[in-house]
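Among the features that TrEMBL reports, transmembrane segment is placed at 12-32, 44-68, 80-106, 112-129, 150-167, 293-313, 358-376, 382-402, 414-434, 446-469.
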Amino acid sequence: MSTITKQILSGAKWTALSTIIITVIQIVQFAILGNLLTKEQFGVVGMITTVVIFTQILLDMGFSAAIIQKEKVSDEQLSTLYWLNIIVGILLFIGLFFASPLIAGFYNQPELIPLIKVLGIMFLIAPIGQQFQYLLQKDLNFNLLSRIEVATNLASFISLLVMIFLIQELYAYVISQVILNSLKGILYFAVYSKKWKPSFVFNLSSIRELMSFGVFQLMSRLVNRVGANIDYILIGRFLGAEALGIYSLAYQVVTIPVMKINPIITRVAFPVFSRSQSDNKLLIEGFLNVTKMLALVSLPLLLGLMAISDLFIEVFFGARWLDATPILEILAIVGILRVLMNPNGSIILAKGKANIAFYWDFGVMLLYGITMYFATKYDIYIVAWTYVITSFINFLIGRWLLKKLIDLEMKDYVRTLLKPILITGMMAVFVFIFKTVLYQVEFINIYINIALSVSVGGIIYVLAIYFGYPEIKEWKPVRKILNKTTRGRL
């Protein structure tokens, strides 16, 4: 096994461990907020989350992917990008301070004004270490990245637990986000500055090539996030904070585990795919194995969640949130499609096609925006089903693009997914029937029901995987992803 493969294996293990810990932390944090906040307050959290997402993309400016994708980046280029990142952070702080009344006015939520101003503080601190995060990723130093992410998420969670009983809940949440992102910046700087520190140079002409790639990546990520969050934006604007609160809870339950689990593989895949960008056969093999691993991990979570959605909501958030159950079940379909689309970006960027990613995301944003606008004329259920339909269209476009970029055949893709879908589908159907039967047993309450249903579902799935994928016994799928992707290139 090559040195680089050993690094990736180590990185994948650390990323997996940290992801599990962070996911547990966020789910617990989410459950606490769900029990303490009103539906309207939860909607305000959704609005704040949207602001955080877009401002963090602006802070990145697309240079993270540019630094990772380009094989060699000079000291002058890195230093210029570092100081540019600091400047952008200051501008974002100022921009949020003065734009807060406009954002609050858009949502008709005056309480957002001071919250957004407090949120902006993190952009004065986070940029000092943000570039070091990309350099650690470029170096495949995922063990250190994982340790920092676990430590900062734990610190943020503890601060939230303390503050939520001392100050107003929404302020406690915002300050915990400031602590999370600021502490990340400080720690990234502390650990990587021993290896490299920026020089006092600022030469924009030296980063022209990186900016060309980065601008497309920035625009692509912006329109991608607009498309992915247009439901939040329009529900908050036209249906109000309470409707957004219900929708947001269901959405977060679906996306927290999925969006944390996916990077276990895809975060490692991008820098590795970048090293194999000229070999389509190698990329196809790597892509299909990544897709298989994501499906085997994510599909049982999402289909299982659909099977016990009512139990899950009542146990973790209380009966007052049961009206979020049908939304959760619908959005789980969106979650499945997002899992399957997730590796696309690694291939597109590895091929250096940031412009294609931008044009694709722009088209999808228009599709989401137009359809969601009309959907919000009705209710959040229509919005959720609209999201499913548009996500499926987006999924089909992704398959077509991969055919053009790396000549990936649909039959090979379907063959890869067929067994995971059948296994998880049968497991979910059995769990749903089992849960329904337990409802009829008088002495079994919802807590025993969910514990038994999850346990039985887990046992069925593990046995199905054990006999359906004999190679799992030796973790061959993991080795196959890494060895096939790195063979002859690393």
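Every residue gets a Cβ built from N, Cα and C, even glycine.
Across 150-167, 293-313, 358-376, 414-434, the stretch most heavily in contact with the transmembrane segment (446-469), judged by Cβ pairs under 8 Å, is 414-434.
Contact between the transmembrane segment (12-32) and the transmembrane segment (150-167) is supported: at least 3 Cβ pairs lie under 8 Å, counting only residues 6 or more apart in sequence.
Using the rule of three or more Cβ pairs under 8 Å, pairs at least 6 apart in sequence, the transmembrane segment (112-129) is not in contact with the transmembrane segment (293-313).
Taking pairs at least six residues apart, the transmembrane segment (293-313) and the transmembrane segment (382-402) share fewer than three Cβ pairs below 8 Å and do not count as touching.
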